[in-house]
Ligand SMILES: *[C@@H]1O[C@H](CO)[C@@H](O)[C@H](O)[C@H]1NC(C)=O
Ligand SMILES: *[C@@H]1O[C@H](CO)[C@@H](O)[C@H](O)[C@H]1NC(C)=O
Ligand SMILES: *[C@@H]1O[C@H](CO)[C@@H](O)[C@H](O)[C@H]1NC(C)=O
Ligand SMILES: [Ca+2]
Ligand SMILES: [Ca+2]
């Protein structure tokens, strides 16, 4: 294909054949697929020494990565969005606010230390630099640009607030609640890279005060537009399920998973149906530069930040860019924008297929709706009209105890009109919760799926081999799915619950209540359909191109075989 020299010999050979009327050698020239940016066209120069190592910002294939697999921040920056006027609170183990790459973007007034009750959330020193987590997260969001120090934050002109709350022997409800509700009229986005222990056997979530603080945050924060809570989906790997983590699975948080620099899942990624989208974290490869480059304690820099911990602050940074583009975005607008603009890109999950839901939105059980695309997000945010009012409908409830068979599965169905004809009719879904009470001889062997009337199956609970609980089970636990986003909930929902694992188990399902949340009027459904159609058209075009290539190859082969 790449041959430029004329093949006179072949041409003569062809011309000699009596069946050939004319032989012309085709010359190769360039045609570009529209809508894709060439990495080499990005013209952003920063003098920060780690900038070119920040593959999650602009992935040119450095550190053995896949070019183009990044947050597409370059496009957002070029449009002029850098986080100006937006404050992000890092709820963590403190921030080295004297760090020369953070000091100029540090918002001291919005910062607080709930671990030791003072206004100075400076990390406590330990020999092993254990308390470097918050400082590393802060740099990913708000490290200054073009100052010759470390790297560049996703939203490098945003302000960062330190909320120190992880560094005491025990967590309390009041520390969590105070942190989550700290200065909700000043802090726009809260980033949390923590949660219940990721040991694969914990089922836990926010307690009374924290739940109330979150509800108040989304309803009253930011002048009523709602605080944005960004949550790391968890580091428990395939042994854990983030739907058992009540912070990550909350409707009020945007839960973020991670991909590595070649698009695969990280080994510590948990999967669950409540994850909304993904960003990036460190590679599986031994390349020392495949980690997340950011600021570190005491004025240092690091190339080795990792975990879904590293993923959540990147999302907080992207959301800061979107907020700068449109300060009127509500907490729900941010979730809608995330669903609409996140991309499959080159993400690859070896376990779960990418699927499309009933309105054509593509999702994956581990990555959610894909990787955040800052350029697409700010462009859509700019002219975004706030989504219509949200309604809540109890779609139905089954409270008769039902035995789960030791082999095979229990299948229950609920037919709902989604409160049609009532004030709280839900026609277009946002979140769906299945509130479930179940006991069993081994909780970790339970497996629960739920299928919507439009045919979208959500895996509500996967096997957790380390969870050997036989007493507590799940008590009115709200399993959440984002996979039916935009769908019409009217019709029959099916719940399938069974056991996986080698030993026979017993269990009783005592409650399944279907909670539907969403809007009555269609905010952008036409947009989805159009988008879907143009994507379909695009994939057809690619198929045609491939067919053409194959035809060319076939005829070449037959010509050669004649020689
Ligand atoms: C961190 O920075 C300090 C002061 O600049 C320097 O002395 C030290 O060697 C650095 N430590 C590491 C681990 O890079
Ligand atoms: C589950 O609950 C049922 C009914 O309340 C009870 O009979 C059964 O012993 C319980 N099973 C387990 C494993 O706790
Ligand atoms: C749930 O769905 C998964 C993935 O499709 C499947 O492997 C599993 O058998 C299903 N479990 C039940 C109880 O239906
Ligand atoms: Ca810098
Ligand atoms: Ca977890």
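Just so you know, glycine gets a Cβ as well, placed from its N, Cα and C.
Now, the feature entries from TrEMBL:
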type	residues	note
ACT_SITE	92	active site, charge relay system
ACT_SITE	133	active site, charge relay system
ACT_SITE	309	active site, charge relay system
DOMAIN	386-522	domain 'P/Homo B'
> Which whole-number value in Å describes the distance between the Cα atoms of residue 92 (active site, charge relay system) and residue 133 (active site, charge relay system)?
Replying inline: 7
> Within 10 angstroms of the C-beta of residue 133 (active site, charge relay system), what count of other C-beta atoms is obtained when all protein chains are considered?
Replying inline: 24
> Taking all residues of the domain 'P/Homo B' (386-522) together, what is their mean pLDDT?
Replying inline: 97
> What same-chain residues, at least 6 away in sequence, bring their CB to under 8 Å of the CB of residue 309 (active site, charge relay system)?
Replying inline: 133, 137, 193, 194, 232, 235, 281
> Should residue 92 (active site, charge relay system) be counted as helix, strand, or coil on the basis of DSSP?
Replying inline: strand
> Just how many other Cβ atoms lie inside 10 Å of the Cβ on residue 92 (active site, charge relay system)?
Replying inline: 29
> What kind of secondary structure is residue 133 (active site, charge relay system) part of, going by DSSP in three states?
Replying inline: helix
